[in-house]
């Protein structure tokens, strides 16, 4: 069924119900909690309280920031929650009637995170006496998305961490002596039914005895445990859909609910019941009867986030072009087509189709038509608007089933070229609508997306990958309907473009091999490999670098008649490679070539440049800071983007972007959020349909998924709710690396609160005492410690008495005094005692985050621990990811330790990034030989190679590239893997289109296979050779079980195979036969 028809059919059924929801049964109620006959929840970003019997609700908050996780106090009189009221997300408490709002925490949060990261300052519970609130704060060494539980007094005071080092969902026991929780947090991940190493288990921590016990150990996810009286409940997807289960000591858990269509989400317990979400509705599970009842909640009032509003949409431009005469620009922005005058005249919206989205608009060469794509039918089809006939619309394609790429006009205005996500290049005849398949790519990850017309409208050149992944130029001739290869497989070509007269084809090619040596070792790479080349399209045209001589010409009748005939400059494939010559541009990095009179434009080195086609020509800078540009079809005008500004300039040197900026202030659009959200809902679903690596979507009925979640999409009342519904759809595909990125959502203004690089604790005097000063790396802002910097007179045990003259004992929470201090000089009064007598002043500049300092402290303490346990024999390196930081970390910390007898590579909490082929190459190095010099010890080749035993530590947070690295480690035979199973997410991402408001549904596009063609690692993880669980009580006590076991194993290997010293014999002295 066509998507448009499917959506309309559902809308006909859903619309009356959606209207009813607004008055009788409101949907998309989130993060609930319950106390007797009242529930509290989040709706459209605000906190509500409702009566479970009548369904009548009361709104408690009204703010632009998004509130989350309301929790009743034990007596039901107060509600604690998380909100963004004062420049960052913090914990607040409010009376149940909406009065008495009080901020409790002030320590700077980690900042906005993508939806899959969840929220900082997640309220978890109250202590049974109602005096304290338990919340999860993202203050761990391992990353800003990981948190640990803290307790803060409900009447105000300084929060203190609990003994538990990391947590997902959790709750105190009825007597407050224990905490039931999941050590792993993944509730917000868009991956249903995950069976990898991050599938959660339920634990209980005894807070009085500092002991822990694992309660569940299923391959499925067990999460969100709650405590009702003496019973522990949790949700699990062990039967496919998340349902509520009751824990039984020594027996299999009992399933308590039977939901099939939607997961049981965010269960929260009150004195005698559990409330939870399911399909956007709230349900009450009664502890006594063991039954669930759907609650009919009525949220009355205006849904202000759904009201139409006007907005300038110039920040949402996603395509641009300039008319042939340079008088007008055309843009697509926020789903509409706008034309903007270069100098004077009105800005026009040519489409205004709120129910659809227009993208990829371009002028025809004669200026009469505008081609574009629109999904107004439910699929992206190609259209043209006829400006000569009152912008009459003509639909050129129909029955689309897959994503299409940018249509490009033929110079004679009669045809369009486009490609699709099936890796097919198509020729479209405008008059007849006939589509001709030109070619299909087998080795192009991103499809056939580079294609250009010759000015003669008969020759087409495009780029296609070879099996060796080098790309080549291919030629299609419309008249002969023949495809011909132009370049061979020994070099890689891209960015083809013709000169305006059609005599030359320019392209970039990687043919230079410039060695760049490492500063650290004898190693090198090849960069600046690309040059821009030009080729005469046939043998009758003089090469651009041919030497010239001025001669007097003779005009004959034949010559005169010939000059009056149109020069078709047909491309001749024969001899193409022999005609290729280099332009005068030096080897470098070039992209986005466009042929213009006198040369070729290119983006290089952050600037738009013009490469002359003269034998003695130079490379001139047209304008700096250009990220994107297009040239008018007459070749005389350029539309160029620089940041958020767009200018129209000439293809000449030294153009002034600012002086030629377009006025985009009139690109105003009235947006109906409900209509736009519907388009984005379908677009997100369609993105996964078209871009996911498996066209069968892991066996899911993808049309049925759209239909199932449609009523929830109809009920969305806040942009963040749309992220939630899209995340639910994304999770249905059952894969890692399926993500949702938020778009144009209401946000509170973020303020620059500061931190000191130190831990503090409360003191009976009302002042705070320093209990930790992080030692940073002051030359790196991410690791700068304000109180740890050289020259700052501060020590552990000192008291902080005042901040900028304000006494610390006059505020309930010390961090309140650090609001709006980030990066600014702050004067602290310090003392050895809680008294101003003999106090001294220091001046520091607070930082935004201490996460980097915590990480550095943790890594250094691991390295010291390893050295202590091994008596200096074993080295230690932690890799935070396989991206820039992880590669730097290996080079920084592994290379200097290659003289150690053994090495521990810590892959725990590795967030992934690049495929770690270079990391494993460095780790796999072994000495090939040694060199003896006079008077010094022998040196080895490679200079940095480790030839001793190794071990790698892994856990459930070893993710993506952090999954691949231990797999490679095992494949290379480098040593044992120690710890717990890794995440199991190796279906990778490589980019896909954005949603209309700048958000994105990210599809995973490639999956790992082993060398025999078997699927591996995804949804399973890499299993350790030796399983070691880093028990929370041991981590709290300063131990590290995984490190300790790795040291034990490596010392055992060293004892069995001690390192043999290199013995250098005397140099030869007898050379007689």
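Glycine is treated like the rest: Cβ placed from N, Cα and C.
The feature signal peptide is assigned by TrEMBL to 1-20.
In the three-state DSSP scheme, residue 737 (active site, charge relay system) is classed as coil. Counting only same-chain residues at least 6 apart in sequence, those with a Cβ under 8 Å from the Cβ of residue 737 (active site, charge relay system) are 960, 985, 987, 988, 989, 1002, 1004. According to TrEMBL, the feature active site, charge relay system maps to 737 (among others).
Residues or ranges marked as domain 'Tail specific protease' by TrEMBL: 823-1029.
According to TrEMBL, the feature active site, nucleophile maps to 960. Using a 10 Å radius centred on the Cβ of residue 960 (active site, nucleophile) and all shown protein chains, the other Cβ atoms total 27.
Cβ environment of residue 1018 (active site, charge relay system): 196, 735, 736, 984, 985, 986, 987, 1007, 1008 lie under 8 Å away, each six or more residues apart in the same chain. Per TrEMBL, active site, charge relay system is recorded for 1018 (among others).
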